[in-house]
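Residues or ranges marked as Zn(2+) 1 binding site by TrEMBL: 134, 137, 191, 194. The Zn(2+) 2 binding site annotation in TrEMBL covers 151, 154, 177, 180. What TrEMBL lists as domain 'J' is 3-67. Annotated domain 'CR-type' per TrEMBL: 121-203, in sequence order. Per TrEMBL, the feature zinc finger maps to 121-203.
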């Protein structure tokens, strides 16, 4: 069998670049589209096979050490199975050249929102650093006025044949073309703006909708809002994760809003009607007579509008009755008179009420 270096017209000291140049020169002369003779076809196969061996560092090393076929020797079982069960040989079918245009990556951004924005939903402008299509080449990867040219090595197939010896005799397998990286075309004049990638990075501002009812950790998917793909391929998706900021007055339990109202002992005893400022305007809260600390007053429909629904949760207000600590002598006398008329029941221990203390803890000391 002819020496691979001789087939390419090279010495054994030839560099990788010299091997590639020699192969490309011979391939131009012997390619079937240029030279249709049978002799040229056979020489083209020999030249291609020699290049496949010498262009692969591992195969070249084995070939140089043994002087034999390198990668063209007896094929291992992996090569055999690859050939007959989908590896790209004559029996496996050729996948053809691969496309330069590929889908872009998905992107994830985190957006901080306020409880005020969550109650009914809002619209926000966000800025993202993403990949967008190159305006100069419009995703073609080529300088304007140029275009990819058919690979002269594989003839646009994106694959080259490699012949190996196996237990079944000589087997021809298909492998990605090293000259065009399997694309079938070569870009001789890459776009200067994007470096031949078809896309550039850019900070972009976009408007997003904050749905009502979102909570910390809620993710929203915007199809096609991610990065544009290599070669001007379709955009990936954009995922938006929300984080709801802490509010000093209101906390949240699902779609319900929770808050605490401090009230005087007199208002708790006699009852009253109080107007307070909510997240969406004024709210009227009725305090029943005889209210106690820890009582929860529910105002229907003044909570958060639920995610993907028009229904609203409730506002739940926990009462904390303020007991005065500084009284004048006259005020103390009045309290004594009141106690005398209603009986002054002495404090006494009773059964532990978990629900009461839980209500105090959850409503008075819950911060988020």
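Any Cβ shown, glycine's included, is placed from N, Cα and C.
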Where residue 191 (Zn(2+) 1 binding site) sits in the secondary structure, as DSSP reduces it to three classes: coil
Residue 180 (Zn(2+) 2 binding site) and residue 191 (Zn(2+) 1 binding site), Cα-Cα, nearest whole angstrom: 17
Length of the line joining the Cα atoms of residue 177 (Zn(2+) 2 binding site) and residue 194 (Zn(2+) 1 binding site), in Å: 24
Distance [Cα-Cα, Å, rounded] between residue 137 (Zn(2+) 1 binding site) and residue 154 (Zn(2+) 2 binding site): 26
Segment-level pLDDT (mean, integer) for the domain 'CR-type' (121-203): 87
Additional residues surrounding Zn(2+) 1, by Cβ distance to the 134, 137, 191, 194 centre under 8 Å: 135, 136, 138, 139, 140, 141, 142, 190, 192, 193, 195, 196, 197, 198, 199, 200
Number of helical, extended and coil residues in the domain 'J' (3-67), per DSSP: 47 helix, 0 strand, 18 coil
Integer Å distance between the CA atoms belonging to residue 134 (Zn(2+) 1 binding site) and residue 151 (Zn(2+) 2 binding site): 24
Of 137, 151 (the binding-site residues), the residue whose Cβ has the fewest other Cβ atoms within 10 Å: 151
Chain-internal residues, separated by at least six, CB under 8 A from residue 180 (Zn(2+) 2 binding site): 97, 151, 153, 154, 158, 186
Residues close to Zn(2+) 2 site centre defined by 151, 154, 177, 180, Cβ within 8 Å: 97, 152, 153, 155, 156, 157, 158, 159, 160, 178, 179, 181, 182, 183, 184, 185, 186
Those residues of the chain, 6+ apart, with a Cβ under 8 Å from that of residue 134 (Zn(2+) 1 binding site): 191, 193, 194, 197, 198, 199, 200, 232
Residue among the binding-site residues 154, 177, 191, 194 whose Cβ has the most other Cβ atoms within 10 Å: 154
